[in-house]
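Chemist: Below is a structure I'd like to ask you about.
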Amino acid sequence: MDENRAPIVPYVYIKHTGIVRDANPVRVVSSCNLEIYTFPFDVQNCTFTFRSYIHHVSDIRIILGKKVEDILKRSISVLSTEGEWELMDIKSSKFKLSTFNQGESNPYDELCFYIVLRRRATLYVVNLLIPSCFLITVDLFSFLLPPQNVDRSSFKMTLILGYSVFLLIVNDLLPVTGSTIPLINVFFAICLALMVASLLETILITNLLVAPCNFHPVPGWVRVLVLRFMGTLVWLPQKSREDKIILNPVARVCPLVTVERQVQTGEPGKMWAEADDPALMELRNLGNELQSIRLQVAQHVDGNQISQDWMQVGYILDRLLFGIYCIFITFSFIVILSVWSNYLK
């Protein structure tokens, strides 16, 4: 309790009934422990106790001069809190504390006031909660950007930097005293953690979609777990692969095979004579070149198929993590809002 700095009034009021009233004002500076867990929707209950440590009931009796309802109305009209606090209720109770001195009871009067204050949360909702909800909503809708055509990671990094600057700016509005950590700090930490997790998810998906050619073929367990099970779960089923063989409709029999059969079934002298035929040698060289071209085309098709499989894995994981992201945000917000609402009742 601070020193009384109220002005001294050297007068007393004397009534015809013999009652003497001393109207000397007293300026009392007190402190109250704040419960800031539900900030900015917190309600504070402060207790003020008045008693005499020297005089007994026989010397001084402490009573209420007015009704508690009148004191509440008067207090509301003169209360000055710079618009942050709202006086809700005032209650009072009177006790008699007894001390035993030489076998006799010497009670003391004690008067307690219970003052209920509620913080006006409009300022903090507008300046803290709504901007955070806007930023986390923008981060949520950033999943709709195509990861192959747009640099989604740069966009999310900009959001994280902007949210960090926002937290530094609004740090002065948060309470710094109290026995517990405010729930709004947990809310800010969850929002920042979700943005960081979203950035890490974008890095993983971008790696799967942009550079799948350097990967090995998709393992069997990934094909079963991701491409089949998760793909069906997120409505992205695996496309069926069909091996297509394009044949020349005019040439139904390979000329090279026909010539070789004629050579093998011909007479021995004639066979060796035709073996040195330039046309036959040219056909054999052409067959070798076609075989090498076929191998290159097969490797290219296999590489494209591997790339398509990994890209499909990336799309499925992107949609699956987006769903998990939405579920976690919804669950976290519902839990925090329910805690705030329970304390507001």
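Backbone N, Cα and C atoms are what each Cβ position is placed from, and that goes for glycine too.
Note that the structure is predicted; figures quoted are calculated from it, not measured.
Pasting the feature list from TrEMBL:
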- 11-120: domain 'Neurotransmitter-gated ion-channel ligand-binding' (DOMAIN)
- 128-334: domain 'Neurotransmitter-gated ion-channel transmembrane' (DOMAIN)
- 123-145: transmembrane segment (TRANSMEM)
- 157-174: transmembrane segment (TRANSMEM)
- 186-206: transmembrane segment (TRANSMEM)
- 218-236: transmembrane segment (TRANSMEM)
- 320-340: transmembrane segment (TRANSMEM)
Chemist: Check for me, if you would, whether the transmembrane segment (186-206) reaches the transmembrane segment (157-174) - at least 3 Cβ pairs under 8 Å, residues 6 or more apart in sequence.
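Modeler: In contact, yes.
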Chemist: With Cβ-Cβ distances below 8 Å as the criterion, list the same-chain residues six or more beyond the ends of the transmembrane segment (218-236) that contact it, or say none.
Modeler: 306, 309-310, 312-313, 315-317, 319-320, 323
Chemist: When the pLDDT values for the domain 'Neurotransmitter-gated ion-channel ligand-binding' (11-120) are averaged, what is the result?
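Modeler: A mean pLDDT of 82 is what the model gives the domain 'Neurotransmitter-gated ion-channel ligand-binding' (11-120).
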Chemist: With Cβ-Cβ distances below 8 Å as the criterion, list the same-chain residues six or more beyond the ends of the transmembrane segment (320-340) that contact it, or say none.
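Modeler: For the transmembrane segment (320-340), the list is 38, 41, 136, 140, 143, 183, 186-187, 190, 194, 197-198, 201, 205, 230, 233-234.
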Chemist: What are the DSSP helix, strand and coil residue counts for the domain 'Neurotransmitter-gated ion-channel ligand-binding' (11-120)?
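Modeler: Summed over the domain 'Neurotransmitter-gated ion-channel ligand-binding' (11-120), the classes give 11 helix, 48 strand, 51 coil.
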